[in-house]
Amino acid sequence: MSDEKIINQPQDVVSEMLDGLTYAYGDLIEKVPDFEIIQRKSPKSGKVALVSGGGSGHKPAHAGFVGEGMLSAAVCGAIFTSPTPDQIYEAIKSADEGAGVLLIIKNYLGDVMNFEMAREMAEMEEIKVEQIIVDDDIAVENSLYTQGRRGVAGTVLVHKILGAAAHQEASLDEIKDLADKVVKNIKTIGLALSAATVPEVGKPGFVLDDNEIEYGVGIHSEPGYRREKMKTSYELATELVGKLKEEFKFEAGQKYGILVNGMGATPLMEQFIFMNDVAKLLTEENIEILFKKVGNYMTSIDMAGLSLTMIKLEDDQWLKNLNEDVKTISWG
């Protein structure tokens, strides 16, 4: 895969990307002056605010999910680099509508540390803040930037379910309680055919041999759990569904939602073929799939690959929240 990119200067990638995003979708979002923060343009409504974010390079996450029914604001760090506590604190202040703020944090050491520092800063200003840490990646227990499991594409489903609850005027305590329950029921596993290339580095994060894949690669090119020769889509789906089955311990009649997420360079054609194979495998398990989504929701710049997320729908309201209409750029 070519390392050439349509950019100007590598150090300007994030700021210019956000400027382009707000120019294109200025009816929905705006940039907080002097900060790499995207927030809703709609008037404040007095509801609980949801703030998420992290290093850039995962678009449309998280800025693409800012809007009515999802996030109030997204904090955008440098490529694959956690935003600073000051950035996050600014996002909390800007998003707060008086009912409190819930932080949705992917489980990476830098993100957790900086979001928690920002939370302390906000609480000193008497802003009510709660947080939830998303750790849906079942591939590995510890990684380069993580203690415990990583937070990956399942985070987007957390945005959606909690965003609907906030829109329905749930309290901060109610949304925090919901978050704790939802996160325990979301699990993700992925694979890569090629690594991401960070613009300022100029070379892939890892190298695979021709016709080789790696299972369990992280969204920052962290190592997975096995490499092997390329397989058919059905064989790849068998591997990922099998791992999720071990985690969830499928039982007939259980209700689930699924998300097939592209990592940045895998065409939708291939994602839909993979989804078809996942559907065949899950049909054999006699479980009900009540929510399905395919597309690029949390990418890794130009990585070729995909991930499969499943959410066990333990409450019918979760499904209703997933299906609620939103006004965002990228939920679709």
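Don't overthink the numbers, they just go from 1 along the chain as shown.
Positions of Cβ are set from backbone N, Cα and C atoms, glycine also.
Quick look at what Swiss-Prot lists:
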{"type": "DOMAIN", "residues": "9-331", "note": "domain 'DhaK'"}
{"type": "BINDING", "residues": "G55, S56, G57, H58, K106, D111", "note": "dihydroxyacetone binding site"}
{"type": "ACT_SITE", "residues": "H58", "note": "active site, proton acceptor"}
{"type": "ACT_SITE", "residues": "H220", "note": "active site, tele-hemiaminal-histidine intermediate"}
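All features noted in Swiss-Prot, drawn onto the structure.
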residue : record                        : contacts (Cβ under 8 Å, 6+ apart)
G55     : dihydroxyacetone binding site : G77, A78, I79, F80, T81, S82, P83, D111, H220
S56     : dihydroxyacetone binding site : V13, V14, M17, E36, C76, G77, A78, I79, F80, T81
G57     : dihydroxyacetone binding site : I79, F80, A196, V198, H220, T299, S300, I301
H58     : dihydroxyacetone binding site : I219, M298, T299, S300
K106    : dihydroxyacetone binding site : G54, I133, V134, R150, G151, V152, T155
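Considering only the recorded positions D111, H220, the Cβ with the fewest other Cβ atoms within 10 Å is that of H220. Secondary structure from DSSP puts D111 (dihydroxyacetone binding site) in a helix. Taking the domain 'DhaK' (9-331) as a whole, pLDDT averages 97 in the prediction. Pairwise Cα distances among G55, S56, G57, H58, K106, D111, which the record gives as the binders of dihydroxyacetone, peak at 15 Å.
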